[in-house]
Each structure stands twice: as structure tokens, then as C-alpha cells.
């Protein structure tokens, strides 16, 4: 008999060799009917999996995230099945579930057309209606390679697997695919699916590899859920920062400038400047000192820091090591520069903590397939910072960093959109990370203890750390469901040693400090993208590039309009006036489309009484208000950063 610890805390005994499904059925027939997959010892698995030892087990139903992922993963295989039926010469790559659905990558001579997607969707529905059996089986490596001999991408994936790894397959009807699972027991419960679009994607995300065709889609148990999703997709398209940011003249791009190099237009630049001044002032209030460091450095500096060994492919290198006496590189991070500043003078324990802050322009050689609008770029501006602390100060300073980030998030109104990820190293990937298992384990244990003390609700993720230490990443999803890191806090165990950083403790002994890397508001470009999508371009007044627009009803009142502009501009308000000889209704509509928080209409009555007729985004037409009263209200709204 084996012991199975269930999610409710109970422990039950079962015969060894039962499947997860059989265990679910023994607990409840209803649970078995609704079961989609399981989680055994923290790892998602198939209901078909056999249990042969003591384990912890959670049964995941269709409405759980794990269940939704299993449904969509299964339907990605149905898509591949349909492709093989209709386009049998197509070669298969990979087909995972993603946050809002699934995709599958194909190698096909001619890209799929919109009509092809319609045919494939119809064929998928036909396959589901056939209700084919779904089987899982495993094969030794040689038999697996033989089975997949006509699928070059599958052969490559099999060869990438370690010698001891299990090679498993799923067979849906007459279609077999290499896959670790999990998959649903039957396609019958899946009542709604949609293929949403196709796009290009490099094999394994590497632009040196062949460009494949990626088909995206989604699936649900109910048509009503699909309808809701499709409505959300339409709303997401309206909010997409790539579309809206251009419409609102916040940024643009140009192929002559280059991919991943967005140009912030005056309005976008004003938002970033407002954020930057706010962050720098807030950091100064919290004891940060400002640095200003070069945009590039000799390769020698990056060799000390480890970037040359672990991050060189992500850097823009100026020169040739074999030909040039000196080789430079644009900086991907600020840390080695601020450490050099620290080493410019001796430090006592009384000097610590030192909190360095800098608004840094950084450069990273992102692959063309990774770049997206303002979210993934090759040049960006980071609210960077490094705290040099004693071991005793580490937890309190880490807490202080989090409090700063949480204050900024709450003010921006994005605190409820954030999730926390504890990013750890992969001990098998020594090319990516500094290879010091003892230091990694100690530092990760330290960070985990701090996070638990602070009661942070986080998930753990392997192979997501920085090369020099673990991270707490604050993750935010864009309108399309893709998750990106917005802010990060890292504990560095390596670079103090590499840069020979030290302080003199109270006993007069030389000690190594701890280092906390952090970004208080992240990359300004990425944060701007998230804010565009969060507010659909209708930013809070304090953040809006134009806070007030004055509209005279005719040119007779231009002088009064100009006096209103001067009065408010002298008080720091970002204000414009529209003096065009257009109908007032047209000018109001235009100002609304620009998401202007306040529109002030002025005519004879307003000029005579020193008033403005206010139209606000929140309350629409508010009527005439004394200019002084409106000014007081507006300045208070800006000062308090009201949303």
C-alpha cells in the first residue's frame, strides 16, 4: 500500500500502481468526472500516470489553470492532426499551451492563408466530433527516433533530451506526437475552439534558425467562454500599446533607425520625464545617492564582472578582440560602474548601507524575433540601483526596496496586476550562471527566508535568475496575456568578490558586503507600455502629457484663452490651446480622442466672469467654474496623484 497526501490535508492509502484518475474516482465519482489532470509532488501530470510510491497529490479540475492548460495543450495536438490531414507534407515543430490558449509551429513551403485557418478549424471540430481515443506511451531512444524519422524537428528534440529522460508520446486517433503531456482523457468535453492568427517564429526562438509558421488558437469547454474571450481579444486590440501609443503620438519607429529602437515623441517623452522626476525624488527621500556613469566601457570591466563570460551574446561589442588593442562594449547593466564608484574610496561599516541610484540608458542585443513595441527593445532607460549592505542589514534593506516598489506600483494603480516570481538558477546550465553551487544554495535560502518573513506570495521558477544571483521578479501581463518582468530585486553573491569590494567592520576587520540589485520602476519604456494598456491611453491627470486643453469658441476669445493658458502654465500645469477656426463640437471631440483629462471651453460669458466651462473625463460637462476654483482643484489632483 502507498500513502497519498491530498490537498485537504488528509492522507489515504491505496494499492500501488493505480492511476491518478483511478484515485480521483475512488474519492468521488463527481471529482473523477470533472478531473482534467493532477499535480504529483508539485509537478503537473496526466490522469493516466501511475502512482507507485508515497506522494502528495492534487486533482485538478477543468476550471483550474492546470486543467485549462491541459485542454489547450491537447487541442494544439488536434491542430497538428488537422494539419497532417489537410497538408500532409508539413513538418511539425512544437505546440505548447500558453497563457490564453495554445500555438503550434509548422514548417510548410507556403505560409497558411486565412482560408487555410478556416479549413483547419473546421477539420479540428470534425476530429473532436469523432471523439478519437487518446493514448500515452513511452519508447526507448532508438525506437523513438525511428518513429519520428520523417519529422526532423522531433528528431532534434529527442536528441536534445538527456540520456536518462523518459521519451513519451501521445496518440490521438491515427496521429502520434512527441510530448511529455499532460493531456485530457477525452476530447468530448471541449465544445468551443478558435484559431486566432498565424505569424512567423524562428525554430527554438533563434533567428539563426529557420523561420517557421506559428498558428495561435484557444479552446474552452463552453461556447459562452469562447465568446467572452473573443470580446476580450477585441478590447485588447484597442488597448494594445503598439497601436494606441502611435495613435496618441506617444512613440514611433522607423526602419532607418532600426528594430527595437523606438522614438519617444514629445507626449511620450513627457510621461517618461514625469515618471523619472517622481522616482528620482522619491529615491532621494529614501536615502539614495545619485550616480552618473558612462554608456560604455572596456571589455576589461565586463571580464571582471562576468558579463563577458555569461552575457557577451546579449551585448553590443565595439571592436574586434583579435585585431584591436582595446575593445569596448555598450553597457547592458549599471552594476560594474557603481561598484567601481564604491571602490574609489574606503568604507567603514558606519557608511553602510549605501544606496546608489541612477537613471541609466542601457543596451541589450535582443534577437529580432523577441522585440515588441516598447516592451522588448535594444536601448532602454532603467531606474537602476544597487545597495551595498552588511549581512545584518540585508533583510531590512530588501524590505525597504520592496516597500519603495510597492508604493510606486500602488500610486500607478498597477499593484493588483502584479505577481511575484522567485527566480532561481539551473545547476545544469553552467554556461549561463556562475558555477558555485554552495553560494547559490546559500543565497537562494537567504532570499526564500526573507520572502517568507515578509509574507510575499510568490511562485518559484528555475533557470530565471541573473547569472550572479537569485531574483524576485515582479511580473505583469500585457493585454494579450504575455507575462513580462516589470520590476526586479536581486541578491548578488558574486560581484563583491570579483570587484574586491570590502568594508571595515566594528572589529577593524575587512569584510565583504552583500549587494542588492534593484529597479524601482523598471524599464521606463516597458512601464509606459503597461500604463498605456492599463489606462487605454487615458492616464491619470498627474501623468497625462497634456492635462488641460483650452478651446475658445471663436477667435474673439483667443486673448482670454491665452491668459488662461499662461495662468495655469505658470503653476506647472501641462496645457495647450486649440485656436483653429473649427466648430467647437469638432474641437471637443478631438480633445476627447486625445484622452485629455480636462477640456476648458471659453467664450463671452467665461471671459466676462473669469470662468472656464469644464468638461472632464470623469464627469463630462460640469458647467462654468471660476478659474481660481478650478486651478485649486486641478493642482490638488495633480499633487495627490489621484487616479
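A Cβ is built for glycine as well, from the same backbone N, Cα and C atoms used for every other residue.
Checking the candidates 179, 335, 476 against Swiss-Prot: the one annotated together with 386, 517 at the Zn(2+) site is 335. Among the binding-site residues 386, 517, the residue whose Cβ has the fewest other Cβ atoms within 10 Å is 517. For the domain 'TGS' (1-61), the model's average pLDDT works out to 87. Taking Cβ-Cβ distances under 8 Å and a sequence separation of 6 or more, the neighbours of residue 335 (Zn(2+) binding site) in its chain are 305, 384, 386, 492, 495, 515, 517. Sorting the domain 'TGS' (1-61) by DSSP state (H, G, I as helix; E, B as strand; all else coil) yields 14 helix, 29 strand, 18 coil. According to its DSSP assignment, residue 335 (Zn(2+) binding site) is helical.
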